[in-house]
Amino acid sequence: MVRRLAGLLRAHVGRLLVAVSASVATELAALALMGTAAWLLARAAEQPPLAALSLAIVGVRAFATGRGVFRYAERLASHDAALRALATLRGRVYDALVPLAPSGLPAYRSSDLLSRMVSDVEAVQDLVVRVLVPVSTAVVVAAVAVGVTAAVLPSAAVVLAAGLALAGLVVPLLMVATARHTARRLAPARAELAAHHTDLLQGSADLAVFGATAAALADAEAASERLARLERRTALATALGGAASMLVQGVTTVAVTVLALGARSDGGLAGVMVPVVALVALISFEPVLPLVPAVQKLLESRSSLRRVLAVLDTPAPVAEPGADALPAPSGPVTVTVTLRSVSVRYPGATVDAVDGVDLALTPGKRVAVVGASGSGKSTLLACLMRFIEPSAGTVMLNGEDVRRYDGDDVRAVVTGVTQDAHLFHTSIRENLRLARPSASDDTLLAALGTARLRDWVESLPAGLDTMVGESGGQVSGGQRQRLALARALLADPPVVLLDEPTEGLDPQTADDLMADLLASTRGRTTVVVTHRLAGLDAVDEIVVMDAGRVVQRGTHAELVAADGAYQDLWWASRPALAE
C-alpha cells in the first residue's frame with residue numbers, strides 16, 4: 001500500500017517538499033520567536049543599554065512575521081499538493097470504473113461505490129495535510145530543538161529528547177494498538193449507513209406499500225448507532241492520546257526548568273538562559289502534539305485507501321487490446337458479426353448463461369431472439385456489444401476477432417438499447433443528443449416518431465426541454481423505454497440491438513411499435529430480443545433460446561409449423577395477440 005500511495009504522490013513530490021519546508025520553517029520560526037522573546041524579557045529585566053537589546057527586538061519581529069508568512073505558504077502548498085493528488089486518484093478511479101461498466105459494477109452496491117468514489121478518495125487529502133506534512137515537520141523540528149538545547153544544557157536535552165519520544169512516538173503507537181480495529185471499521189460503517197439511506201430514498205414507495213418502512217428505518221438507525229459508537233471510541237482514543245501527550249509536555253517542561261535552575265545555581269548556565277531553555281522545551285512540543293490526531297487519520301485513511309485500491313484492482317470483465325488494437329471502422333461501414341460456439345459464464349456461476357451459440361449477422365439481416373426469462377437473451381446482446389467476454393468461442397467482426405478492437409470502437413458499430421437503459425436527469429433533448437450531439441430538433445422528433453412518442457412530446461408544455469427526472473423517474477416506464485429506443489435509433493449504427501423494446505406497453509401499442517421498428521430497420525442489420533411474437537414474420541430468422549442454448553432457429557412460418565418451444569410460445573401468446 002505504501003508503494004501504491006507513493007506512486008500516487010510521485011507527480012506531486014515537489015509541492016510536498018515545498019509544503020514540508022514551509023511547515024518546518026513555520027515551527028522553527030515559532031521556536032526562535034519563543035527563545036528570543038524569553039531571552040529579551042530576561043535580559044531587559046537587567047536594565048542593559050537599549051543597544052544590547054536591539055538585535056533581539058528585531059529578531060522577535062522578524063520571527064513573528066516569518067511565522068505567519070511561512071504558515072500561509074505551508075497551508076497553500078500542502079492543500080495544493082493534496083488537491084492535485086486527489087484529482088489524480090479520482091481520475092484513476094473513474095478510469096478504472098469505465099471498463100467495469102456495466103457488467104462489473106453489480107459486484108458493488110451503488111451507494112458503497114459512491115462512498116468509495118467520494119469519501120474514501122477524499123481521505124487522500126487527509127493523508128497529505130494531516131499525516132505526511134505534520135509527521136515530517138515533527139521529526140525535523142524535534143531534532144533541531146534537542147540539538148539547540150544540547151548546545152546550551154546537555155542534561156536538559158536528554159530529558160527533552162525523552163519527552164518528545166514519549167509524546168511523539170510512544171503515545172501514538174499505544175493509540176495505534178488500541179484504535180486500529182475501530183478505525184478500520186469506520187469507512188465500511190459509513191458506507192453501510194449510506195446504503196441504508198439510499199434504500200430508504202429509492203425504495204420508499206415499496207416500503208410504504210408493504211408496510212416495511214418502520215423496519216427499514218430501524219435498520220438505518222441501528223447502522224447510524226453503530227457508526228456513532230465507532231466515532232465515539234475514535235474520539236475518546238484521540239482525546240486520551242492528546243491528554244497524555246500534553247501531560248508529557250508539562251512534565252518534560254517542568255523537568256527541564258528544574259535542571260536549568262540547578263545549572264544556574266551551579267554556575268553552569270547564565271540566568272537569562274533559564275527561561276530560554278524552559279520555553280524552548282515547551283514550544284518544541286507544538287509540532288509533536290498533532291501526531292496523535294495524525295495517527296488517527298492515518299488509520300482511517302489506510303482503511304479508505306484499501307477500499308479505493310480494491311476498486312482500482314478489480315479486473316475488468318473485458319480485456320482491451322491496448323496499443324495493438326485494430327483501427328476503428330470508419331466511413332460508410334458494412335458490418336458482419338459472427339458468433340462461433342460462444343459461451344458466457346458469469347464470475348461465481350456454475351453454469352453458462354450462454355452455451356455454445358452460433359449466429360451470423362450479415363449486412364441487412366434481421367434476427368429475433370425469443371425465449372423465457374433467464375434463457376440468456378440479454379447476455380447474448382451484452383456479448384455482442386462487448387460488455388462481457390466469452391468464456392469460450394469467438395465473436396468475429398468483419399472476419400477479425402472482436403477482442404482485437406477497442407470496446408468503444410465495437411459499440412460504435414454494434415449498439416442499441418438495453419432492457420435497463422438509463423435516462424439522465426436532464427431534458428428529453430439532451431438525453432437524445434447523447435447518441436448524436438449535433439442532431440437537430442427535426443431529427444430528434446423523427447426518432448421520437450418512430451418510437452411513437454412524438455405526439456406525447458409535442459403535447460408537453462416544454463416539449464423537448466421537458467426534464468425526465470433522475471433515471472427517468474418523471475415519465476412512465478413505457479415512455480422511458482421508448483425514449484431509450486429513440487436514442488438508440490439516433491445513433492444510427494450499422495448493427496442495431498434492441499432488448500425488449502416493447503416492455504411496459506399495452507398490447508396494441510407494443511404491436512404498433514414493433515411494426516414501426518421493423519419497418520424503420522428494413523435493410524439494416526437488427527437483433528430484437530422480445531417475448532412478444534407479433535410481427536416476427538417480418539424478420540429473416542428467429543432464434544429460440546432455452547437455458548442459454550439455441551434450441552430452435554428458422555423463420556416464423558417454419559417454427560410455427562414445427563413441434564418445439566416456439567410453437568408452444570406461439571400458442572401460449574394467442575390470447576395476447578388477440579387483444
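Including glycine, each Cβ sits where the backbone N, Cα and C put it.
Whatever TrEMBL says is automated annotation, not expert-curated.
Positions annotated as domain 'ABC transmembrane type-1' by TrEMBL: 17-300.
Annotation source TrEMBL lists domain 'ABC transporter' at 339-572.
Under the heading transmembrane segment, TrEMBL lists 16-42 (among others).
For the transmembrane segment (48-70), the list of distant contacts is 22-23, 25-26, 29-30, 32-33, 36-37, 39-40: same-chain residues at least six beyond its ends, Cβ to Cβ under 8 Å. Taken from TrEMBL, the feature transmembrane segment applies to 48-70 (among others).
The transmembrane segment annotation in TrEMBL covers 127-150 (among others).
Per TrEMBL, transmembrane segment is recorded for 156-177 (among others).
Residues annotated as transmembrane segment in TrEMBL: 236-263 (among others). Note on the transmembrane segment (236-263): residues 149, 153, 155-156, 159-160, 162-164, 166-168, 171-172, 174-175, 178-179, 182, 269, 273-274, 277-278, 281-282, 285, 288-289, 291-293, 295-296 of its chain, located 6 or more positions outside it, place their CB under 8 angstroms from a CB of the stretch.
According to TrEMBL, the feature transmembrane segment maps to 269-292 (among others).
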Suppose you look only at the domain 'ABC transporter' (339-572); what would the mean pLDDT be?
84
Would you mind listing the long-range same-chain contacts of the transmembrane segment (127-150), meaning Cβ under 8 Å and 6+ residues beyond its ends?
5, 9, 16, 19-20, 23-24, 26-28, 31, 35, 74, 78-79, 81-82, 85, 156-157, 160-161, 164, 168, 256, 277, 280-281, 284, 287-288, 290-291, 293-294, 297-298, 301, 305
